[in-house]
């Protein structure tokens, strides 16, 4: 399997030039890796795989459900072309047995090849996390035609804000858990250079975390524009907080309605958001902006990681496919206290998070509600699922306000 530089140098002429131009800064990161990897491999050979197998008896994440001693034994000595190992994939899941709100995946990828080299473990995890999607036999579809969306205007007495986000990874550079400092800085350079070409209502500027004051950072976090500081154990155990805040930042347009995070959990997170309940408008801007970002990236000789089985490749298997999370902040004081609320969400394929995101609790009965699936359905299908599902939640809240009963909807048909 080709390594990052061989893939780069076999690509288009413009990509070869960029790869060669960046070789001086990147070579150290690639060439200095093998020695510690070989040393670790030599130490490992002193012990059988059974002696290295992690204790997962109290774990309930997806990785722990599928990693058997036999699978571990077959995969533990394999590495990707950049030296990423199985133990590095699973460390975050070993260190974090479970989560109070959602069942986490418990593993990450270090590069694009991770999903192939360790497919024996990743494929069943992907199948569990993505509602039965089988990456060995199925193909993912992409659809960024926002004109297909029906309705998409929520009652703003309940929906406070609407947001659509995705992630994209730059092909040929390691993902955040594995990247060197040089690679991370190269991601920032490539992305920021491309974003400088955005025009019209998408035009904006880039802000490096290292150049912000603590107060400026916190204000952006409190306003839900910026990713939080890397305090989540899921991030730190995966190695994604290394060298913080080097080469991290946020780009946003002048209205702060179109944003790109750089080098947090993924190379990029592309976000369209605004206050209120106009999800259709948010998705239209998302599709238009994302297409333009990809065009600008390709114009400079780079491309996003993608394949027809897994869609867009990202760090966490939960974000494969579309990488899309369409969500609202919604106030549900009565429904949230109803014992049927979790089952309603489950049957609608929706996910509940706290007001501030994945590691927070709800305040004032305000929840972050979004699609559970990412892979096997297109962007249009997932946004429509959220629109229909959120409208159902609002209808339930209204019925409870009137003292009427609500019902659990039948499970959505599983169509991949």
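In case you wondered, yes, glycine gets a Cβ from its N, Cα and C as well.
In Swiss-Prot, the feature region 'Cardiolipin-binding' is placed on 40-63, out of the ranges 16-39, 40-63.
Mean pLDDT for the domain 'Phosphagen kinase N-terminal' (44-131) in this predicted model: 94.
By a simple count of nearby Cβ atoms, those within 10 Å, the most crowded of the recorded positions 151, 196, 368 is 368. Just so you know, the Cβ of residue 161 (ATP binding site) picks up 18 other Cβ atoms within 10 Å once every protein chain is counted. Under the three-state DSSP scheme, residue 368 (ATP binding site) falls in the strand class. Its Cβ taken as reference, residue 163 (ATP binding site) is surrounded by 22 other Cβ atoms within 10 Å in the chains shown. Every protein chain considered, the tally of other Cβ atoms within 10 Å of the Cβ of residue 165 (ATP binding site) stands at 20.
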